[in-house]
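Asks: The annotation transmembrane segment is assigned in TrEMBL to 84-102, 144-165, 177-196, 223-247.
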Amino acid sequence: MKKQVTMDKEYCNMEKIVSKTACKSSSVPAVASSSKTKMEVTDRKVSTGTLNRLILVAQALESEVETRRNDDISAIKITFSIRVANTILLLLINILLFSGFGKYQVQKDGRYQDLMLTADKWTYDSSNDELPETFVYLRLSGQYLSACITVFLLFSTFFLQLLHLCGISISRITNMCYSFGAVPFTLFVFGLEMHYSTCPWLDEYFISYSMSDMSSQCAINGWALAGIFSLLSCGLFVSEGIITAFFGNSHVTENKETIV
């Protein structure tokens, strides 16, 4: 009997141990599954945060590209307007330079005589009755050079405008070289036209013939205006070069491709 009771107790103890072990083994998968769920939630939060940051970066880049594109478009419009104004100025300069209208005070009776010093009269010809005899030293070789410069600048500026209207883009370096390179030539034209507008050949005539009466007055107003306009054109060339250098000169189509 005692042995039977002892065996029953041992059997009960074994059942308790087995049941506890079973409970522990069953709780392990539950703990593992809960920890796995927490890791998945954490990973999702990290992924969502990273995605949001990437979206913000993309929006910032898109805004920056759009701002630069608007700046480029504004620079192109300003450059186009400057070139239109410069083309008109250069056209006026050439008209004034080749017409050469002015006035000359005749020494004998003091009346004023209208002058038109066109290109065929830039060198004195005794057979030409339109020029007074005091113009015997009229040899304007520099005026031919000035005319070549202004004609070249006019056609070059017009050609650049034509390329712009046709949608053909020009590199920034080319535009800058043209704009800043034209500055010394326009200044040269300004100085030369202001010098020739005062009729310096008259002083040479009076000195050569030792004439005491130097009361004759002469002024080529057209060349003086051409000199002033060439100075204004110089300012427009400088403005165009600065805008091209600092605000870019990319074509609109190139900017669209960049945004895409």
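Cβ atoms are placed via backbone N, Cα and C, with glycine included.
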Asks: May I ask for the residues of the chain that lie six or more residues beyond the transmembrane segment (144-165) and have a Cβ under 8 Å from a Cβ within it?
Replies: 76, 80, 83-84, 86-87, 90-91, 93-94, 97-98, 119, 122, 175, 178, 182, 185-186, 188-189, 192-193, 226, 230, 233
Asks: In the same chain, who gets a Cβ under 8 Å from the transmembrane segment (223-247) while lying at least 6 residues past its ends?
Replies: 71-72, 74-75, 78-79, 82-83, 85-86, 89-90, 92-93, 96-97, 100, 102, 117, 150, 153, 172, 175-176, 179-180, 182-183, 186-187, 189-194, 196-197
